[in-house]
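Residues or ranges marked as transmembrane segment in TrEMBL: 6-27, 39-59, 71-92, 99-120, 132-153, 160-182, 188-209.
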Amino acid sequence: MDVAHFLFGIFGNASALFLFLAPVITFKRIIKNRSTEKFSGIPYVMTLLNCLLSAWYGLPFVSPHNILVSTVNGAGTVIEIIYVLIFIVLAPRKEKAKVLGLFTFVLSVFSAVIFVSLFALHGNSRKLFCGLAAAIFSIIMYGSPLSIMRLVIKTKSVEFMPFFLSLFVFLCGTSWFIFGLLGRDLFVAVPNGVGSVLGTMQLILYFIYRDKKDVARGQTPTEEKFMEMGNAKPQQG
């Protein structure tokens, strides 16, 4: 059980890292066009909060035997901050204000969690408080692309729901769900089980609508769009 727990933790680290890096192609497009277009910054801000809270929860003095949760979420925190800052710089005024406001909210929530857990709680009560906070915002993070899923259904286009992001939501959620089950940690298992289900839904939508955008417009997809949407063959297995 311990070996399986460790192995799924390693796989969870790898899949989560790919999840954090999946939007790189999207952000290359954003930087090239100097515009965030219709891409939403909300998922990146909520992912940042999830990374901060999960990294804190995985620390040994909060939750023993969960250091693998901290390692990958520490890396994810750095990556998501970069994404959020790009959105703040390049987004239209209304979206910029929304992202900046959420970013401030994220920092406030994380600071409050740290303060309460360090000075007001100890032992198992600290683990319960931090675990509950991490679980709640993990579910919110996984649910944040729901607005994009609605856009996909409305427009019958997957242009603003990149394939690799959806794929690694599924892989990451599934691997950490199993990790949580093996470690008998509901604060890890439950939110990631939700993520696995939502990732599956995103993939189903992608395969339903992936070919309809360019056909509807009578356009030939460019190589860049193939890469963005994940239609090109990936370099890794």
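Don't overthink the numbers, they just go from 1 along the chain as shown.
Just so it is clear, glycine is given a Cβ too, placed from its N, Cα and C backbone atoms.
Automatic, uncurated: that is what TrEMBL annotation is.
Recorded stretches compared: 39-59, 99-120, 160-182; the one with the most Cβ pairs under 8 Å to the transmembrane segment (71-92) is 39-59.
Take the transmembrane segment (6-27) and the stretches 99-120, 160-182, 188-209: counting Cβ pairs under 8 Å, 160-182 has the most. When each of 39-59, 132-153, 160-182 is checked for Cβ pairs under 8 Å to the transmembrane segment (99-120), 39-59 comes out on top. Long-range contacts of the transmembrane segment (132-153) within its own chain (CB-CB distance under 8 A, at least 6 residues past either end) are made by residues 38, 40, 42-43, 46-47, 49-50, 53-54, 56-57, 109, 113, 160-161, 165-166, 169, 173, 186-188, 190-192, 194-195, 198-199, 201-202, 205-206, 209.
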